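What follows is a short report on a single structure.
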Amino acid sequence: MNKSLVDVGPLVLSLPAIPQLLILGIIFVLSVLLNSLSIICIIGAKAITPINLLIINLAISDILYALTIPMFAVHIVTPSWPFGRLGCQLAISIDIIAMIVGVYTITALSIERYIDVRERNRRYNDQLKLFFVIFYIIILWIFGILFPLPMSLSLFVYSREKDKRIIDCRSNWTSNDLSHYVELKFVFAYLFPSIITCLFSFRLILFVHRWSMKSRRLSSTNNSLNIYKRRATTLVLSIIISFFVLWSPLWIFQLYDTYNQRGPTIYIQILNFITIVFVHTNGLLNPLFYLLLTQNFRDYLKINKCFPWKKSPKYSQTLVYRRKAITNQDQTITSFRQQHTLFLFI
């Protein structure tokens, strides 16, 4: 049997359209602007480190996911799918690709933070680590692109029998096939990476707690290092917590909707819209966390105003992970502090 992806039109059609469009419009603009700003600032600072590559990758996935908002917004005000078969395939593919890339990037961030916090002297080869991160990102995007292909190839547009003017985006899969695909997507795009993320996050918290207790008896230099590592841990854990808080309702709703045979009620429509708002809000919270929880990003904005070509020569060398002391007329940055200063953007 053919299963329509939009059997009853937009699930939020019975709700007021203007508030929905206003909320989604604000989220779309802020998500694209903040994530684009973060990418420009990191590239402008020339801080191409393993964690910054992961952060840029997360920002790209957030922007990509935000690009599905206009299609959804148009579908709010009309029961007919106006973008044709290609638009239907792109909407589904982009949604799944951005979802997979985002969640596995967060997983990689949790692993990277755990390794970085445990590493005291940075004995590992940064170039080798950079290579592994680039390789991981390439494999991740390949996996993300291939995963939605079976679903997207099954899609087609269909005119309703009762009203030929209304076009639905349908799949030629059976209901059981679609249910199995949702289950598969839940396992590989949420459950599996979430387990890994939780495992390394727990180990990270446990290690930092033990390390902090021991470092209280150390010198002030080590105490300042403790502050930097705590900030980095707070930042990454904030991103992880926000991901679980804002994405979990969507998966609960999707699993419920998959096995619910009664059709959408007004309450289901409201919950559907709320979960959509939640997951898109997550895309703009990531750069906000970085802006609020780190000093480097604010300093870079203040000094460079996010225009690398206008960078003052006075601050031209105030970058992170340098091994020699850098002195300017405002401050002296020691080798130890510079090695452990965390230039992050999420």
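Please read every residue number as a count from 1 along the shown chain.
Every residue gets a Cβ built from N, Cα and C, even glycine.
As annotated by TrEMBL, domain 'G-protein coupled receptors family 1 profile' applies to 25-290. The transmembrane segment feature in TrEMBL is assigned to 20-43, 55-78, 90-109, 130-149, 187-211, 232-254, 266-293.
Taking Cβ pairs closer than 8 Å, the transmembrane segment (187-211) reaches residues 96, 99-100, 103-104, 106-107, 110-111, 113-114, 117-118, 147, 226, 229-230, 233, 236-237, 240, 244, 247, 251 in its own chain, all 6 or more past its ends. Residues 103, 106, 109-110, 113, 116-117, 182, 186, 190, 194, 197, 201, 204-205, 208, 271-272, 274-276, 278-279, 281-282, 285-286, 289-290, 293-294, 342, 344, 346 of the same chain lie 6 or more positions beyond the ends of the transmembrane segment (232-254) yet place their CB under 8 Å from a CB of it.
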